[in-house]
Structure formats: structure tokens, C-alpha cells
Amino acid sequence: MTITKLAWRDLVPDTDSYQEIFAQPHLIDENDPLFSDTQPRLQFALEQLLHTRASSSFMLAKAPEESEYLNLIANAARTLQSDAGQLVGGHYEVSGHSIRLRHAVSADDNFATLTQVVAADWVEAEQLFGCLRQFNGDITLQPGLVHQANGGILIISLRTLLAQPLLWMRLKNIVNRERFDWVAFDESRPLPVSVPSMPLKLKVILVGERESLADFQEMEPELSEQAIYSEFEDTLQIVDAESVTQWCRWVTFTARHNHLPAPGADAWPILIREAARYTGEQETLPLSPQWILRQCKEVASLCDGDTFSGEQLNLMLQQREWREGFLAERMQDEILQEQILIETEGERIGQINALSVIEFPGHPRAFGEPSRISCVVHIGDGEFTDIERKAELGGNIHAKGMMIMQAFLMSELQLEQQIPFSASLTFEQSYSEVDGDSASMAELCALISALADVPVNQSIAITGSVDQFGRAQPVGGLNEKIEGFFAICQQRELTGKQGVIIPTANVRHLSLHSELVKAVEEGKFTIWAVDDVTDALPLLLNLVWDGEGQTTLMQTIQERIAQASQQEGRHRFPWPLRWLNWFIPN
């Protein structure tokens with residue numbers, strides 16, 4: 001049996017070990033290899049693309065299709081360009097209705113450019129390919145992004161090309177032929193003059209999320225296979241002091257590059273706790289420029305200097321939580337006003353507090369709340385009824401969790417015949433679809449309570465899924481779940497007996513609010529980690545599942561089954577024979 005009572009230090013990422021790093025000024029030099037250190041795979045892919053014998057002129061990069069990511073990739077590509085600043089392109093000389101092309105001799109020529117990297121997250125046809133304009137008989141030619149990127153690299157988001165397939169077909173043709181032809185965008189309105197085509201050589205980086213890449217692969221299977229591929233790594237694994245330093249330098253670089261304040265020495269621990277909540281891992285921190293910039297932009301209004309303090313960051317996070325917390329508070333009010341029945345004291349047979357995460361479309365913050373699961377057992381033919389599934393409110397994953405839970409119980413009891421009970425399980429006061437298996441351990445405990453006729457401690461909530469062998473498996477949304485139950489207990493007054501049971505594998509995901517951490521430190525709230533559902537049963541039901549020399553839950557259930565089977569056997573006689581029993585002397 002493995003039951004671990006977590007200390008307050010287990011509830012947040014370890015930052016005490018890195019105080020010396022936080023105290024150091026993280027000065028960033030323009031020549032620092034920050035990008036290659038944090039994005040080695042993407043850096044290597046760029047080197048392959050820029051090689052004189054590159055296998056393809058196209059590169060696919062998996063990354064969010066936002067300007068921050070495109071600019072980071074563009075800056076990295078610029079540092080690798082060996083021919084940066086080389087004059088390429090040409091000059092169109094327009095004389096009446098006659099247009100002639102010559103080689104560029106200076107950067108001032110209309111279609112000349114110095115080899116560069118151009119990035120755009122959204123473009124229209126004229127922006128990408130340029131256009132011919134005619135006004136009062138005068139003709140002018142406007143260069144597009146492909147002309148600006150001539151001899152260099154064009155970085156563009158995939159959603160632009162997927163939404164405008166004709167742009168992609170023309171761009172691919174230009175890259176493959178290494179030549180740009182002037183054509184009318186509207187076939188019904190041809191160009192008024194003939195414009196000579198021009199040599200144009202460029203490499204293209206297509207940036208997209210997983211869905212965009214999948215759509216592009218379906219549209220261009222051969223090119224997708226031949227293109228150089230890499231990914232922007234959104235997280236950094238913290239394995240030692242060097243990786244912490246690396247992350248701190250990346251955050252500082254991102255802030256300074258965007259003219260925003262960077263974290264001060266006492267702000268780093270708070271930022272790391274918030275970062276761990278974002279990634280869902282204590283030892284994984286985000287490299288996402290969008291996430292970093294959001295924190296720095298919001299706290300910038302609270303500070304005047306080049307750095308922000310821990311107090312300022314903490315205040316910003318509290319303000320954000322309050323600003324986004326209306327729905328969570330209303331849901332808590334429903335419980336506190338007993339419109340939703342959740343007990344946090346006492347004992348109940350077949351009732352247990354599970355934990356769930358609520359996400360509303362359009363709302364930026366997920367929040368947790370307890371859910372009451374109830375189980376009713378009666379004499380029957382061994383049927384287990386999932387009311388959510390029967391009412392078509394349960395998803396497939398939820399149904400799978402229910403079947404796994406039943407399989408474990410039947411395997412443990414080792415019955416020679418069908419169990420003489422029927423049971424029904426449900427999420428009480430749940431009127432929307434339920435899916436996922438994160439409540440399967442709670443459901444199993446409620447079922448065992450009902451079968452054994454032993455009450456469950458209502459001051460303890462539980463989350464976690466379970467496999468067919470009873471092992472507790474990790475689930476998501478853990479911080480929100482624990483904080484949701486803690487908020488209800490806190491409003492009703494903490495007794496020191498309340499707490500939450502989680503799978504041991506979930507401990508690494510914890511990054512809880514300071515208020516909850518303080519309550520655990522003071523012994524007012526407890527979090528237990530278990531490896532197996534049988535480890536949770538003594539905490540919830542005050543009886544062990546199995547053992548020698550003591551009353552156990554398995555023994556209690558087997559005795560109830562034996563009693564029910566005997567009663568069922570008596571009632572199997574035909575009614576005339578049961579009537580004759582009255583005349584048989586004892």
C-alpha cells in the first residue's frame with residue numbers, strides 16, 4: 001500500500017535551488033546563440049534549407065501562425081544567410097506602352113533588392129505577386145513580397161495559402177521555374193501591355209499548426225514528403241541549472257526585443273509557477289513568445305522601470321484571476337447556496353465527491369468544481385447501469401472508463417456466478433454531456449461503498465482514472481480541480497480533515513495557488529497521492545480492500561453477495577412448494 005501525504009513543497013515547482021541564477025543579471029548580446037540553444041532542430045532545418053545543395057526549396061515548420069513566431073524564424077534565418085545584402089533582381093523601364101527589363105545595377109532600381117528574409121502571416125494576391133497599375137495612361141509596376149524576397153527566403157503562413165489555393169499554385173510555379181511571369185488576376189480583364197518575365201529565385205518556409213499541415217499534406221502529398229520539415233518547440237525541459245539559465249535568458253530576450261520590462265530577481269519564482277500551470281508540468285517551461293509577451297505586457301502597466309518585481313507580477317495575476325473569475329464564482333455560489341448539493345463533511349453510502357474541469361467556449365479560463373457521483377445497489381441480475389450513457393449524456397471515453405472499472409471489480413471478487421446485485425451510477429445534477437475517464441476511480445470507490453454498504457468520507461474528494469488492474473492513472477486539469485474543491489471547503493471553513501486524493505503520477509503536474517499551499521503547510525488541507533485505487537479506499541471508507549486478520553471491504557462485499565444468493569435461492573421454488581413449507585414440521 002502506497003499512500004503519500006504531500007508536503008507543501010511538492011505542490012509547486014522547485015525554485016529555491018535556483019535563487020543564485022535569478023539574482024544574476026541576464027544580459028543579452030545580439031550574437032548570443034539563444035535560438036539555436038532553445039530550437040536546435042529548427043535551427044538545423046534552416047541550415048539545411050540555406051545549404052547550396054539543399055534537397056528542397058520548400059520547408060514546412062510546425063508553429064502557431066502568428067507574427068511573433070514568423071519573426072523569430074525570420075531572424076534566425078537572417079543570421080544564417082551567407083549572401084545577405086547581395087544585389088539581385090532587375091529594373092523595369094516603362095516607355096509609353098513598351099516595357100523593357102534590365103539587370104539591377106543599384107538598390108534603387110524598382111525591382112532590385114538586397115538578399116533578405118521576408119515574413120508575412122497574411123497576404124492578398126497583389127501583396128504577394130505585385131501588380132500593374134494604370135492611371136491617366138501612365139503605367140507603373142509595383143513589386144510584391146516575392147520580388148522583395150528574391151534571392152532570399154519568403155516565410156508565409158499556411159492558412160493564407162489554404163484559404164487562397166490559386167496563390168499557392170502560382171507561388172509553387174514561380175519557385176519551381178525560378179521565373180516570375182506577369183499575369184492578370186482577373187481573366188476577364190487582361191493586362192493592357194505585355195510585361196517581360198524576370199528571373200526570380202527564392203526559398204519558401206510554410207508555417208502552420210498541425211491541422212494546417214495536415215490539410216496541406218492532403219493537397220500536396222508529394223511536396224510535403226520532399227520538403228524539409230521541423231517544429232518550433234514550445235517548451236523547455238528543466239533538468240539542471242543550465243536549462244533554467246537558458247529559459248531565463250530566453251524570457252529576458254523576448255521581453256527586451258519587444259521593449260517590455262523583464263522579470264526582476266524576486267519575480268522569477270512566481271513566473272515559473274505560472275509557467276508550470278501553463279504547461280501542466282513542474283519541470284517544463286514554455287518558450288512560447290505569445291505567452292511570455294502576455295505576462296510582460298500585462299505587468300508593464302504596473303511598473304515604470306526595465307524590470308518588474310514579484311509583488312507587481314503577483315498583483316497582475318490576482319487582477320487577471322479576478323477579472324476572469326465571474327463564472328467560477330457563480331458556480332461556487334450555486335454550491336454554497338445548496339442549489340447544487342455537495343457535502344464537505346460527514347459520511348454517505350454510495351456518494352463521493354469527484355473533481356471536474358469546466359470550460360466554456362469563448363471564456364479564457366478553465367476552472368474546477370466538485371461533482372457528486374452517486375451509486376445505488378439493489379438485488380438484481382448483475383447489470384451495471386451507466387445513467388449518463390443511457391440518457392445519451394456520456395461520451396465514448398466515459399463509457400470505456402466505466403467498463404474498465406467493472407472489469408477490475410469482477411476480477412478482484414473472483415465470483416463463480418453472476419453477482420446478485422444490480423447497480424446504477426450517475427453524476428448528480430449534471431445536465432450536459434460528460435466525457436473522459438478522469439472520474440473512473442471515484443466511480444469505482446462509490447460502487448464499492450454501495451456494494452459493501454460502507455459510507456464514504458465526504459470531506460475528501462478524489463480524481464484519477466483507473467486501469468483493469470486498479471492502478472491509478474494521471475488525468476488533466478489537476479490544479480483547477482484541486483483549487484475548485486479547496487475554494488468550497490474554504491468558504492465553508494477549513495476543518496483540517498478536508499483534502500483531495502490524486503494519482504501519484506500527477507504530482508509532477510502540481511503548481512497550486514499560494515493560498516492553497518499555505519493551507520497545506522498549516523495542516524488545514526491535505527493532498528494525498530496514491531498508486532492504486534485500493535490505496536484510496538482506507539482514506540475514503542476507513543476499511544482496507546483486502547488483508548488478513550481484519551475486516552476488509554472485499555470480505556464485506558462477498559458476505560453480502562452470499563446472503564443475497566441464499567435469499568435468491570429460497571425464492572426460486574415454485575409458489576406451491578413455498579406454500580407447502582408451512583405444513584412441514586421443524
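One is the number of the first residue shown, and numbering goes on along the chain from there.
Glycine is treated like the rest: Cβ placed from N, Cα and C.
Here Ser438 (active site) comes close to Leu355, Ser356, Thr463, Gly464, Ser465, Val475, Gly476, Gly477: these same-chain residues lie at least six apart in sequence, with C-beta atoms under 8 angstroms from its C-beta. In this structure, Ser438 (active site) belongs to neither helix nor strand by DSSP; it is coil. Residues or ranges marked as active site by Swiss-Prot on the basis of similarity to another entry: Ser438 (among others).
Annotation source Swiss-Prot lists active site at Lys481 (among others). In the three-state DSSP scheme, Lys481 (active site) falls into the helix class. Long-range Cβ contacts of Lys481 (active site) within its own chain (separation 6+, distance under 8 Å): Leu355, Ser356, Val357, Gly368, Thr463, Val500.
Across the domain 'Lon proteolytic' (346-543), the model assigns an average pLDDT of 88. Residues annotated as domain 'Lon proteolytic' in Swiss-Prot, with sequence analysis given as evidence: 346-543.
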